[in-house]
Amino acid sequence: MAQHAVYFPDAFLTQMREAMPSTLSFDEFISACQRPLRRSIRINTLKISVADFLALIAPYGWSLTPIPWCHEGFWIERDDEEALPLGSTAEHLSGLFYIQEASSMLPVAALFADDNHPQRVMDMAAAPGSKTTQIAARMGNRGAILANEFSASRVKVLHANISRCGIANTALTHFDGRVFGAALPEMFDAILLDAPCSGEGVVRKDPDALKNWSPESNLDIAATQRELLDSAFHALRPGGTLVYSTCTLNRQENEAVCLWLKETYADAVEFLPLGDLFPDADRALTPEGFLHVFPQIYDCEGFFVARLRKMSSLPAMPAPGYKVGAFPFTPLKGREALHVTQAANAVGLLWDENLHLWQREKEVWLFPAEIESLIGKVRFSRLGIKLAESHNKGYRWQHEATIALACPTHAHAFELSVQEAEEWYRGRDIYPQTPPAADDVLVTFQHQPLGLAKRIGARIKNSYPRELVRDGKLFTGNS
């Protein structure tokens, strides 16, 4: 594999020599950093099983190598990347897989280790959504996830990925993560803090990642990480699990941050060793039981993962100073709720008791039940999924609800051909040889929902959101 020139500050190399265990070769570390990163994907098991996905893509000639710490994760090699980028394939557009670096699948694997089944989870630094969507898949779209992102520009990307993957159990917030310990004390069964860091592990993807690196900046970042971890630990219920991770390699931002928490809260903190997380995990194991993944160990990005348990309750942090404001939604119950549910079921949209109906003026939403106890304690950027807008003639069903809730075997489902599916993704109306009988049509391809549409005569009117429309080649193997 070709190498690329990575910028290494001298002080960084000195620091790595000191941090690296004697069992690892420093020359192999440098060599690994200079190799381009292997691409990897994670199959979205909310939409398709691993076996069915592998059968679906078998004719494409994609070479998939299993990632040992993630059953649904694979390194991928393709010959047609230039003609058809992976992110433009129909399987990606319909949410069947997520393009995710292999190392970044580790934190969620750790969060759910030892048969852990949390019902309310927080992803404290969630964008662009790889770990949030992985958590949702592990939860089977049940329970609830609070996905927080401090960067306003990244919240939109986070929502787009959640929507594409058909996720219904998530609430989005836009806060500095340091507020949650005070705002939502001991409210979560599990928390993932994939902390902002110096990014030393990403040089295989970005050869200039260390251009602005300095030992001083590492210490500044570690101070912020301690505050975020402190907040996360306060927001975790006693007995709950917290995973702290970074994509950096120095000890100040990794082991030292976790040891600081242990020193601060003593017996309230238990380190849960990760040596049995997957075969050969012990090759990256630290004396504390953390995983310090140097890139040459598994031929992936550099990464760090620690798993902690909260053993006892902590004194509350000072109450937050902000005002949440009035909540603009009201529960939809009784006859109204029944009417909405029956109308949705009639077009193939189904949900269970995990989701509750709420209303804001003419908008109808579905909120995860597990998140309702947080209402009034924190301001949400977006909560649950928008199901419909009501109008004089009924309901206008929303695209994100169709992707998350539609039953592809419903009587109104209409399976598109390859050519028709390409037309759909390009935003064009469909003229099938044999039009569907029903006026309300659940459009599917590869037995996955693409949207709800109206039949007008012999034409299926395209309802694909304009902002998602794609041009160019979208399918592997067709002309």
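Glycine is no exception: its Cβ is also placed from the backbone N, Cα and C atoms.
Features as listed in Swiss-Prot:
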BINDING   Ala125, Ala126, Ala127, Pro128, Gly129, Ser130, Lys131, Glu149, Asp176, Asp194  S-adenosyl-L-methionine binding site
ACT_SITE  Cys247  active site, nucleophile
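Feature map: Swiss-Prot annotations on the structure.
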residue	record	CB count, 10 Å
Ala125	S-adenosyl-L-methionine binding site	21
Ala127	S-adenosyl-L-methionine binding site	23
Gly129	S-adenosyl-L-methionine binding site	28
Lys131	S-adenosyl-L-methionine binding site	26
Asp176	S-adenosyl-L-methionine binding site	12
Cys247	active site, nucleophile	24
Pairwise CA distance, Lys131 (S-adenosyl-L-methionine binding site) versus the residue listed as 'active site, nucleophile', rounded so that it is a whole Å: 13
Rounded Cα separation (Å) that holds between the residue listed as 'active site, nucleophile' and Ala125 (S-adenosyl-L-methionine binding site): 13
DSSP-derived class (H/G/I helix, E/B strand, else coil) of Lys131 (S-adenosyl-L-methionine binding site): helix
Three-class DSSP secondary structure - Cys247 (active site, nucleophile): coil
